[in-house]
Amino acid sequence: MRSYTFSHAITRRPSASIIAGLRAVDTGTPDLAVMQAHHADYIAALRSTGAQVLELDAMEAFPDSVFVEDTALCLPEGAVVMRPGAPSRLGEAAEMAPHLAALYGVVRRIEGADSFIEGGDILTTEREILVGRSDRTNAAGVAELAKLVADWGYTVREVFTPPGVLHFKTDCSLLDGDTILSTKRLADSGCFDGYKVIYVADGEEACANTIRFNDLVIMPAGFPKTRAVLVQAGYKVVEIGNSECAKIDGGMSCLSLRFSPTR
Ligand code: CIR
């Protein structure tokens, strides 16, 4: 199975508490109605590929819970429930676990009291799992993940997240088994040596968090130079409004868990 082919996705509706979502810099309060409209467009794009998309109810107690990607790593063999490094987000992972158990059967968990890791720091390619250390993901979390997925045949490689960047995948995306969309500041670290890299255009770093979902590349709207590069490279591109999620450091990958369980 190619790593960008998915039968399922899990999403969660944004809650009214989204206005309290975590952010590095305050650039304004997210507008819930606009975010809901963007979220509906995003789900429609996922569904247009034929995938089953689960829409979980909003959780007011967790302002950032629309960003389901951070709660788990989904592999064909099974899911691993994360331990988010943001204290306000720890409980989101426990809320996701039963949904993953229903779809996968068996679910593994990051459990160490000192282990922290968020899904936004993990990029799974056909060869390996890349994990960027960040303010949300520490060495103990990476080491625990490596142990949990070893018997499924995965190698975990710890890589660099640029300073001031929330997550590793804030700056990169998998476009197909071997091709990565990346900012120059991240790729310059050498972490993608041996892969084919397509660079986001200068000044368009905020669109590096894009997803390849079946036949689509789903990218945030408003980045015409990078969009043109992707279209020129032969990808079918769909743009989704991201103005509201961007105010709280969210992008396209954060809004779903994507997988094809093998059981
Ligand atoms: C946070 O700071 O946790 C949220 N406001 C944004 C999370 C974005 N998630 C992701 O990039 N995977």
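FYI, residue positions are counted from 1 along the chain as it appears here.
Using the three backbone atoms N, Cα and C, a Cβ is placed for every residue, glycine included.
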According to TrEMBL, which candidate in L22, L174, L175 joins D64, E69, D70, R89, R136, I248 at the substrate site: L22
Length of the line joining the Cα atoms of H167 (active site, proton donor) and L22 (substrate binding site), in Å: 13
Check: same-chain CB within 8 A of substrate site center, minus L22, D64, E69, D70, R89, R136, I248: G21, F67, P84, A86, E92, E118, G120, D249, G250, C254
Spatial separation of C254 (active site, nucleophile) from D70 (substrate binding site) - C-alpha basis, Å: 7
Cβ-Cβ neighbours of D70 (substrate binding site) (radius 10 Å): 28
Of L22, E69, D70, R136, I248, binding-site residues neighbouring ligand 1, Cβ under 6 A: L22, E69, D70, I248
